[in-house]
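Okay, so here's the structure we're looking at.
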């Protein structure tokens with residue numbers, strides 16, 4: 001794909017983001033944190049990086065100084081990830097961590113550009129069983145994750161790179177709105 005078409009695809013995906021849903025997600029996360037709960041985020045590959053970026057903006061700060069906010073990325077503890085993958089299966093690397101760390105009222109975000117990452121789906125299922133509010137960040141058709149999470153923010157693109165760019169855009173939008181509440 002040439003550069004102009006790539007930019008056009010990114011612009012189209014950005015214009016098709018559901019702003020009302022994004023505002024609702026920011027409100028849900030803010031409310032959970034204000035109530036003493038936390039945000040838990042996970043994904044694979046570039047989505048793992050997005051999960052860590054999201055958490056860094058909340059535990060550090062985004063655009064203004066504020067207190068650190070309770071957020072955990074389940075993609076950072078390589079010992080836990082590799083032990084779970086080795087002893088059980090890579091399919092449960094997030095669900096086992098969710099079972100250990102989540103409590104009712106937490107918000108759990110699973111990021112998967114295809115919506116079909118088995119370990120992300122299993123992590124969301126575990127979070128729902130615990131009583132967490134679950135959110136999927138997806139692309140393409142939303143995949144299987146769309147039918148599992150309480151709500152889905154789907155990027156209207158089939159290009160993984162564009163989906164990832166829009167996920168980080170959405171994460172920044174959410175962090176900016178959360179900043180205003182704390």
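Heads up, the Cβ atoms here are built off N, Cα and C, so glycines get one too.
Per Swiss-Prot, the feature substrate binding site maps to 44, 45, 46, 57, 86, 87, 112, 113, 114, 117, 164. The Zn(2+) binding site annotation in Swiss-Prot covers 53, 57, 164, 172. The feature domain 'SIS' is assigned by Swiss-Prot to 29-182, with sequence analysis given as support.
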Inter-residue C-alpha distance, residue 44 (substrate binding site) and residue 57 (Zn(2+) binding site) (nearest angstrom): 19
Fewest Cβ neighbours within 10 Å, where candidates are the binding-site residues 44, 53, 86, 114, 172: 86
Averaged pLDDT, computed only over the residues in the domain 'SIS' (29-182): 98
Which same-chain residues, if any, lie at least 6 apart from residue 57 (Zn(2+) binding site) yet have Cβ under 8 Å of it: 171, 172, 175
Fewest other Cβ within 10 angstroms of its own Cβ, chosen from the binding-site residues 112, 164: 164
Largest separation between Cα atoms (Å) of residues that the record links to substrate, namely 44, 45, 46, 57, 86, 87, 112, 113, 114, 117, 164: 32
